[in-house]
Structures are given as structure tokens and as C-alpha cells.
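These features come from TrEMBL:
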DOMAIN    A:126-502  domain 'Myotubularin phosphatase'
BINDING   A:275, A:276, A:338, A:339, A:340, A:341, A:342, A:343, A:344  substrate binding site
DOMAIN    A:307-351  domain 'Tyrosine specific protein phosphatases'
ACT_SITE  A:338  active site, phosphocysteine intermediate
COILED    A:512-539  coiled coil
């Protein structure tokens, strides 16, 4: 509360983003967690709440006769344009919000004060709701080919990896540890996804510290072990998701990529996805286009093209497809890495999983996938999503791109996903909102240190409880689209601009009638009708039974039938 | 006329029973009866019954009641190709109207025509102004003077406010379509190239421009409560796009299957859009006959955009629009043959060919083309023209590039959800009735 210089400002105007002449007048309140705009026009009491943790940046513009403009950009792409009557007030609000939206320590994060009124037992159940081990069991693991390793139980081998890791049966602790020393940040090759049907696997790691000529016996043995865990194939792919030039440049720093000569039976492949800085700039450029007030079609398309955003989405999806095909069609295992193995690697592995396995296209399955390949495998959520004051160069919309790949797939396969667009948008929003503890910190070890299980709440159970809002009415688990491998087209014209996310708050831009809501309402009614039908049938049966019994008893008692 | 009699529609014998002759389904005199029931301010004039006053108009046109045929004849000499202002649409809610015409032939001498002024002024309420929407930019309209055309000057039309828009000429549209088709067929798989080519084709720019202008016309009528006159140069292309789209926005009746057919009949076929010239070749043909232009396709694209934004407000589905697109270019039916009513009459099309509407309005076709999400409403629907809201019409432009199987399956699933619900509703109702009957019939079951 000490950061709030001015808790209340009156006669503030909130301009409509598209038509600035339309504005609403009200009072602006600053609380410890939110900015609240309460419209006080006669008879209307509408409130606009903005979470501080969702505020990305603010812009104070030159004061004019009407007041001092303050434009707030949010991480969920909402843009609010306030006009505050007095310069002094605007200045105070600006400074307060700046401090409030940029926590300096983890302790200030919203998840520690967010209180949905559940007791400790319920909170624990929230966190136990999703069980990663259950997903491995679902894949059939552990089995004769893959085992659970305890080598990283105390995060000593790699402090950014999870404690539970699956490795080939033949990989001994010395091999694992040796390999980890040859990998950036100790992130040795380990299992991401295992295909029961043909034993092919997707493994992930970081780049090898190969420099120009370094070798590591254990790392080579590790890959050998992975190869042998797929008895039906005599080679495996190693996919470096960086552009070749970047990978080569890394060699000068003592890192690099796998030399086909040193590793037996690998086929090495670059699939160039650009780095986090390129992605950050790309999204920034695209957001600028989204915020144009009345762009022409040319402005929009040119802006979209020059941002390169859809090109990057396509690159991620293309990479996922390559890996999914290798596993499902060729039955060949794949090792995926980038530099650190927590950005592009996470994207590509999880996209491939969505393509391969219908389970990850269910509500629960997607949550499990994000928990596994992103949260547990140490994607640096707090750094990438700018949860607190930090290095702006670490911020990058990597998870955004994964969610968008899923959305692009949903557009191509409307019947294949159990969840709807709203599900993805809600997850996106909460990754950035810090309301839940799931995405706080940068890896599993940090989360345990912060005591998030005991001090915050889990998003996953909230989503599950409210699943009715997130269901896709067109989904049927037995639908042909929902089976097996998805083979999407990645021709450029198949990629759409995700208006639902990037212009989410521009209500006028979206279809005024929602097919999905209409169908969901019908399905709800159908369910009620089915219940009514069952109950009517039951009543009908009872009545006939009763009628029969009554007649029978009358006959028995010699009373004869009426009429 | 010779090449006409060799065209397929003259040989086509329908394999179905013609219950309703589509050639008679949307006659001007029937449309006028609807108008008469709403207002007595208009009359049906026969001044053009032998097509001598305006060759491209139908024989019957609706004009203000107090304007006589002589006035019309004189006004026709002042308008491009004799296309004097006629009624396009009457807005029941407030009695405002939309008219359309060709450009006024003011020329460089600033010629005027009092009869033309009288004609359009007759639609204004006392003390109220109207809007003239010129689909050309002010520069283009100025340049038209050198060729004998022009625009309505403030001096001679003081009660009318003129607004200029920037809808491209139809020859530009053909170039645009060719570029779009080329972009869709580009095999390079480069996102940059795709977006760049898409932008360079300007097709979506045209969509946005037409929709914006239609919204403008609709706003003048519905929000400002003013009458509107729309024209471009000839009054046969952009003019018709604007007037017909404005009606989609304003009038729920135009969103029904029959209503839309009537709209196409009135605002395109009878209004004299030169189909034969505009749709001479395939839309995908690379050759460029001078008059070829996908004006009608662009209109259908705009309708599709509105349909996407208001999926429950149209009685027909996308497949109806695609059907019309196809038949405008190549058809066994005679509906889209010819450039104007006069031509169709001369060729005896109604006698010698079958109407597309005869086929479409059969129950089995109607079912296939209708929109399962349709819920009739009486709203004016305002589409968003933000670039983010305008999509590429995949059903037409990508139909040969990619399989629509998944989208078709989604559509079937949607139909199934809706049908199953209806089925259940019927079952529940029927059971309820049975139960009620059981209880009344059997005295043993009477509740005491």
C-alpha cells in the first residue's frame, strides 16, 4: 500500500480505443492489486478492473485542455486510454502504477495475496489435481526400455530440470552425469514423449559443449542408449531448432551441435527457428499494427508481414510436424535441442505431442502437457513473462507462440480439440497475471524454494472446475478428426491472424453472434431434454405398471374392469 | 444474338419438375405491391416499357408519385446511359429511401437538368437534406467532366450533401482478382511472399471499401434518417454493390433465401448489371477482355463477410453464395444470361430457358442451402470493417488448394447437434402428451 501515492482520482475519462470521441467518465481507484475504473454515469455502474501484474508498460502523453493522457498497455494485449484531469494526479498515478506493476521481489507477486477462500486441504487437492507421473504411466512407462531416474532428485545434476526424469533403461548414472557435463546447464538428453505403438520417442536436451572438436564419450553413449531404446529403428534424428548460422556461432563459445561423425547412426537436421530477441521484436511490431486506430487493409497486411510473426508461428509448427512425422510415420526417435533447451525445444516438443497424441487435445491433456514440457522442464516463465523487474532482454513471447500453434491447429481441425479458444486465452492470461502459483519462478527447484504449493493456488483445478466454459461443442472423442496423428497444412494461407487474443478487448471486431456459444447452449438444452425424456419414460412405465396392477387386482377381487 | 442461341441454357431440359417458374417469381410489379402496402408516395412508371428511355433499365421502375413520365424522360437525357434516379430501397422504419442512378452528365459546361433535380428532390421531406454517395473520389469525378460526365454541384442540388468514396473502377478489380488467384497458387511456401502478394492484390482492400460505403449508405438512412442517392460512373457496377449490400445491412428480409434472390433479381439482374460482359470468361482466366470484372463476386464476398460476422442472421449458408458465384459465370440456367432485361426479353429467355430460381426453390435444394443457425431477427446489422474482421473467402479462393474435409465435417457436426436437439424436443413433447392422455383416459389413474 505504500506504493500508492494517490488511491482515488475523480472525473477520469476512459476513451474508447477505436472511436476516441466516445468516452466514459468515472472514478479511478488504485488498490494494492488492481486499478479499478468505476463509470459513474447516471444509472450505469460498470467497472473495469485491471490487475497490476498484467500491466506491461505505460505511456504518459502531453497534457492538453481535456487533461493528461495515460495509456496503459497490458500483457494480455488490453490497451486502456485514460485521460486524467490534472497533470499532478496523472504523474502520481503513473509513478504508483509503475512501481505496483513491477514487483522487485517474488514476495510482492499477486499469487501470494490472491485468496479464493479455500482451506488448506482444498488447496493441497488443487495442487495434487494434475499428476505428471500418471501421464508417463499412460504412455506405458516405466517399461523395459525406459526407466525413471533419480539422478536429479536434489537438482544436483541440472538445477533447471525436474526431479523426475525418464532415461533409457541402459543409461547408467555415470553416463547420465557425464552427458550432463557436456550439455549446456547440465540439461542432458531425456524423455519428453514416448509412443507406445512403435517405441519411438521424443527426447530433449540443450546444446552440446562441443565447440569445434570436443567430444564426450558419455554423451555419445547417452544418444546410443536412446537409439537402442527404439529397437525397430537403426538411426535417430537429432534436430537443432536454431538457424544454422547461430548454431555455428555458438561453437566459438565452446558450445554448438552434434557432429554426425562422432555420434553413430544419427541424422542431424537444422530447423531454423529464430531466437527470443527476434520473437520479442516480432510480437512488438505486430501489437503496434493491432493498435492502429483505423488501419487500411494495406497497413494491416504490410504490418503483419513486416513483423514476421506468422512466419515464426509457421516455423514452430513446421518443426513440430517434422518431429511428429518422424515418430508416427517413420517410427524414428528424435532428440530435440536449441541452445538452452527451454524455449524452442519446449515449443517444438509440445507441438509435436499435440499432433501425435489425442490425449493432449483434451482439456486435461493440454494442462498436463504444459505442466510437463514447460513448467517442469524449466521454461523460464518469470523471466520470459516479465513477472518482476528484471532484464528486458529475457522477456519473450515463447509460450504465446505455442498457444497460438494450438489455436492454428484448432482452426484447421474444428472437431479435434476438446477445449475452445477461450481455454487458451484464459491460460495465456494467467501465465502473465501471476494470480496462480503454477508459472511463478523459472524452474521446479525455485518453485519448491518459494513454497508455492503452500502459499498459492493452482490454475489447473480452477480451469477444471469451470470446464463448462472451456468446452468445444464440436468435439467428440470418437470423431474421425480426433483420432491419431494430425497432418495440418502449413501453406502460408492456412495461417490466420489470432484476433481473439491480440484484439481480444476490441469487442466490435469480433463476430457479433458466436456459433460456439449458440451450439453450447443447444447442447446444454439437449442434456436437459435427455433427462426429461428419461424421467418421462420412467413415469410412463410406472403408470402402465400401476394401471396393470390395478386391473389385475380388480379382476382378482372379482370386481371386473371399469367401463 | 447468334452466339447466344448456341449457349447451353437453350438446350438444357430440366430433370426436375418445375413447380414454380423462377422467371415469374420476382417481377417488378409484385415487388411494387409490397412497397404499396408500406407507403403511397411512389408509383410504378411504364415510361421505359419499350426500353427506349433507358436501354439497361427494366420496363417498370418505381419513381416518386408526383413525378410524371415527361420529367423522367428529360432526366434520362441527363444521366449516363439514360439511367435516371429510380427507387432501390424503401426503409420501413422511418420512410427514408435509397435511390440509384448513373452519373449526371454535367460535362465541362456545368450543364444542369431541372427535371433531374425535381426527381430526386421529390424524395426529401420538407426542410430535410439528403445524401449523394458518389462511389468515385472527387478527383475521378472531376476528371469525368472532360468526358461529358460529372457530379451534382452544390449550387444546383443545395439540399443534398455529396460524399465521395474511393471504390475502384471495375477493370482494376479484374487485375486484383488475377493477382489474388496467383497469390493463392504460389508454391513457394514463404509467409512473406504470401502476405506481400495478398496485400498487393488489394482484393481485401476492395472488400473493405465496398463494405464501408454500404455501411455509410445504411447509416445515412437508418441513423441520420436521410434519403440517399448512390451513383458511380455508369451506375451498373459499384453503385449496385453499394445499394444491394446496404439492403443486407438494413433489411432482414434480404437475409432470407427468397429475399436474397429477390435482391439479386432487383439490384443486379433487372438493374442492368452487364453480366454477359463482366462474367464472360472464367474468373480464373488470365486473359483480360476489357469489360471483364468480378464485380458480382466481390459483392458476394462482402455478403460472406457479413454472414461470418452474423452467423445466425442469414437464412442461407455460404454454399448458396458459392452457388450464385458459379452460376453467374457458367450455368445451365438462363438467369444470368445477357446484360439487361431488354436483352433477356429479346432472346425470349423466360420461354426458352429454365430459371435458376426454379431449381433452387425446390424443398431439397432449399434444405441443402439453408443455414441451420438461422434465427430470424428484425435488426439492422452493422458489420465491422476493421482489417482484422475481414477474412479471405477460403470457400472460393482456396477451394482447389486445400481440402475442406475438416471444415465440412465440422459443419455436419453442427447440423447434427441442432437436429438431435430438435428431435429430442419433439420426443419429449410427444411423451408429455401421451402421459397426459394416459392420465385422463384411465380413471384408475386419476389422482384423487
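Glycine is treated like the rest: Cβ placed from N, Cα and C.
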Under 8 Å by Cβ from residue A:344 (substrate binding site), same chain, sequence gap 6 or more: A:241, A:242, A:273, A:316, A:319, A:338, A:398
For the domain 'Myotubularin phosphatase' (A:126-502), mean pLDDT (0 to 100): 96
Non-site residues, in chain order, whose CB comes within 8 A of the mean position of the CB atoms of A:275, A:276, A:338, A:339, A:340, A:341, A:342, A:343, A:344 at substrate: A:206, A:241, A:242, A:345
Counts by DSSP class (helix H/G/I, strand E/B, coil) across the domain 'Tyrosine specific protein phosphatases' (A:307-351): 31 helix, 4 strand, 10 coil
Annotated substrate contacts A:275, A:276, A:338, A:339, A:340, A:341, A:342, A:343, A:344, maximal Cα-Cα distance (Å, integer): 12
Count of other CB atoms lying within 10 Å of the CB belonging to residue A:275 (substrate binding site): 15
Around the Cβ of residue A:338 (substrate binding site), the count of other Cβ atoms that are within 10 Å: 27
Around the Cβ of residue A:340 (substrate binding site), the count of other Cβ atoms that are within 10 Å: 21
